[in-house]
Each structure stands twice: as C-alpha cells, then as structure tokens.
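Scroll down for the structure; my scribbles are underneath it.
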Amino acid sequence: MTDLTSLTLAEARKGLADKTFTSLELTDAHLGAIEAARVLNAFVMETPDQARSMAKAADERIAKGDAGPLAGVPLGIKDLFATKGVRTTACSKILGNFVPTYESTVTSQLWRDGAVMLGKLNNDEFAMGSANETSCFGPVGNPWRREGSNTTLVPGGSSGGSASAVAALLCMGATATDTGGSIRQPAALTATVGIKPTYGRCSRWGIVAFASSLDQAGPIARSVRDAAMLLRSMAGHDPKDTTSADIAVPDYEAAIGKSVKGMRIGIPKEYRLDGMPAEIEKLWEAGAAWLKAAGAELVEVSLPHTKYALPAYYIVAPAEASSNLARYDGVRYGLREQGKNVIELYENTRAEGFGAEVRRRVMIGTYVLSAGYYDAYYLRAQKVRTLIKKDFEDCFARGVDAILTPATPSAAFGIGEKGGADPVEMYLNDIFTVTVNMAGLPGIAVPAGKDGQGLPLGLQLIGRPFDEETLFSLGEVIEQAAGRFTPTRWW
Ligand code: GLN
C-alpha cells in the first residue's frame, strides 16, 4: 500500500469507499506523521483519542453505506475555531486554557460530513501576522527549505500551522481564516492551495473575531479539487451569523475540469510593483500564458486605488480588532492577573496576556477610533475601502471573469528575518491580498512554480462575489500546468 499520508483527499475518499483502507488506518498514519514532525510546531494541541473515536464512527458509517462527503478524512483545525471540549486559544496567552462549551459552525459542518479532527493548529496570535511568529506557542517551521540550506523558514501567516501541516502531509486538509491574506499567503509559501471565499460564504460563528468585516474562513488543501471538497462542507448560511449569506452552496467540485474557454482574465497593471523580483514577474507571465493556452482571453485592467489598500487595511483591521478584543478583560475567561481594584485587574491582565503585535494593534485601533482622529483616519479608510470595492466592480462590469495576480511579493523567508525593526516590512507581505478582503471578494492561491532557491511561489485568482466556482476552474488549469510540489522531508 502507498503511504497513506501522501494521498490527496479525493484519493483517500476513493480508497475509503473501495475499502482499500479504513479511516482508522488513515487517521493513525497521520497521527504518526504528526508525532514525527513536532519540530515544525504546527499543532498546538493533538487530539489522538478523539481522532480515533471519530475515525471508528466514520468507518461504521462507511460500512453502513451512510458516509458523508468527507467521511473518515483526518483534518487539522486552526486554533481560532472554537471546538467543544477542546482547548481553543487563538494562540494568545490571554485565553489561557479556555475550553469552549460550543462548536464553531464551520467545524460542526465538517464533523456533520464525517471528517475526523486530528488537533488544533498554530497561528499568529488572534490571527495578526504574516509569518506565524506572534503565536504564544512560538513560530512554526515551513517544511520547505532553500536548496542546500538548513535555515528554518516561516510558513507565512496567520494560518501558518494549517499551511505547514498540510504541506508536510500531517493532515489531509485544514481550516484557516483570512482577514488580509492569512489563507492565501501561507498557502503560497508552502505550495498548498488556499481559498478565501466571498465574505458571507462561511459562517463566522464560533471563530475568534479579529476584524469582523474582513474575517472569512476557508480551507488550505493539497489540491484545487481537495479545496473544493472542503469548502462545500464549510460553506453555507447560518442564522447565528447575520453576515452569512443565504445563498445555496454549489457543488464546487463540479467546477473542476470545466472549460475556461472564452473567459476574460484581468491583469491589473497596478500590481506590477517597482522592484518586484523578476521571478515573481516571470511566474505571473507563465500563469497568464497557461490560462491563455486553455482558451481564456487576457485583458489589461486597472485597479487605481490599490496603492491605498495596505494603509487603509491597517486602519480598518486594528480599529475592529481593538473593539473585538475589549472582551478579554480577565473577568470572563482565560488569564486573570490580580490588581488592587478592577481597573488594575484589567490592565494587568491585558498587559500580561496580549503579545506585542496585538498590543500595537489595540493601540492603533483605539487611536484611529478616538473622537479627535476618527474622521481623519477611520472614516477616511472606510471611504478608501468603498473606492477599492468600486475598482473591482468596474472591472467585472467590463466583462472580466477573474483577475490574475501574484499571491505574495516573495517566497518564504527566515524566522526572525522580517519586521523586527519595522513592522511595516511585515505588513508589506499582504500587498496583493488585502484588497480582496477590503472588497469582500473570493480569492484563491495556487502553487505555480519555484524561485531560484527552490522555494514555492503561488499565483492568486480573484473572482466575482459568490463565484468561487470560476476560481476552482481556473485554479485547476494552473495546477495542471504547473504540477504539484512536495517538500523533501528533513524533520
Ligand atoms: N497579515 C495580515 C495582518 O496581520 C492579515 C492577517 C489575516 O489575514 N488574519 O493583519
């Protein structure tokens, strides 16, 4: 039998249905891989007992012929999703040993469809970061290394644990969240597929909130088809989230292999940055050529407000975060640091419980929302956001079906290499991804090639609202042309 951990989700589904192996065998193979890869620090909580009992239940359902669409496939869950009875911390000290008494809607739908939980995955604290270095559990290692080098690189962030675990074949797929790029950027840096669906596609209920008007859940997977399978289970209307859209979820897998002939692909000229590495430029051209060869038509488009997206995002996101994080006060859950009075208790708890990046965001957010500065910063950023959204609307109104861009401005970098002296250096990672969140659109990152040092690079496709299907069709064309990439095991 081939190594069970190297199968795609779609292949595992077939093997399980054909009774070539059981879910318990598949789950045990992944639990073994997790144990052997602890040096990557991808998991912050392993749940082997729960995994095995879920796998046995899945095997019984399969035997009875009553298997759900994800029956028996072992997944990892970002530690931002509340999991009933299993510690959920958002990788922040302030949540301490918080154990939710409820399950997030997205994860409950995965369990409804038969998936198996292997454990909780590392992420940047409250999902604030682009390198998974702000986690209270420490950084995550990228399974990819530069050729001939032993330096451990970051997997990107904030869903660094999800991307690393999927790339290192520790789980067959993972949940992730994306506020400014946290699904697509780590996917690109690890040669995995990540899709941030349209805002409202997946319920945010039971997901630790960062910036509520931007946050979306989505999968990180080994292939475009696997991502389509996972998203189908994760998506759907939820009355418990008033921003969740009451729109039927299509069978995303049916979009795989569909012809892209005649589709119009926008190439935004503003994404051609000064000083962009030649390798990224080359990759972008290759992606455009593959889509053209598949029958798509390339058109140059303009998204003129792109240059304001990053500054506007770093006002809107901290503003919402400062409000969302007000609830962590040492009274209701998690960490409590005593003080002489209740104010001191709040102050001590928040000073001790939040890491440096989270404190920075809370301070920026409080500042831009304060009476004297609200109009100059927050209100202005909201106006910019409307203009960014309009840029995309104008583009789609011209008959563009999707937009092709690089996913990241560079390949993976070393732990501690960026943002130490100037946080903006880290924020620049999100240059190609934040506009998509600001506009609420779907975006997929697909592995497309390697740089000169053998590190993976990804391309991004941006779609119309609720048209994830087109992204799956086009994403698969890129996947077919570029091939799939697996890191050489060193751990
Ligand atoms: N890197 C961005 C930030 O730090 C985006 C994070 C995310 O998408 N959760 O805010």
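Just so it is clear, glycine is given a Cβ too, placed from its N, Cα and C backbone atoms.
What TrEMBL says about a protein is an automatic prediction, not a curated fact.
Just so it is clear, the model here is predicted, and its values are computed rather than measured.
Residues or ranges marked as domain 'Amidase' in TrEMBL: 25-471. For the domain 'Amidase' (25-471), the model's pLDDT averages out at 97.
The active site, charge relay system annotation in TrEMBL covers LYS78 (among others). Taking Cβ-Cβ distances under 8 Å and a sequence separation of 6 or more, the neighbours of LYS78 (active site, charge relay system) in its chain are LYS120, LEU121, ASN123, SER159, GLY161, SER162, ALA174, THR175, ALA176, THR177.
For SER158 (active site, charge relay system), the same-chain residues lying six or more positions away in sequence with a CB closer than 8 A to its CB are ASN123, ASP124, ALA127, MET128, GLY129, SER130, ASN132, THR134, THR177, THR179, SER182, PRO186. According to DSSP, SER158 (active site, charge relay system) is assigned to coil rather than to any helix or strand. Summarising the annotation, TrEMBL assigns active site, charge relay system to SER158 (among others).
Taking the Cβ of SER182 (active site, acyl-ester intermediate) as centre and 10 Å as the limit, one finds 37 other Cβ atoms among all the protein chains shown. Marked as active site, acyl-ester intermediate by TrEMBL: SER182.
Mapped onto three states, the DSSP output places LYS78 (active site, charge relay system) in strand.
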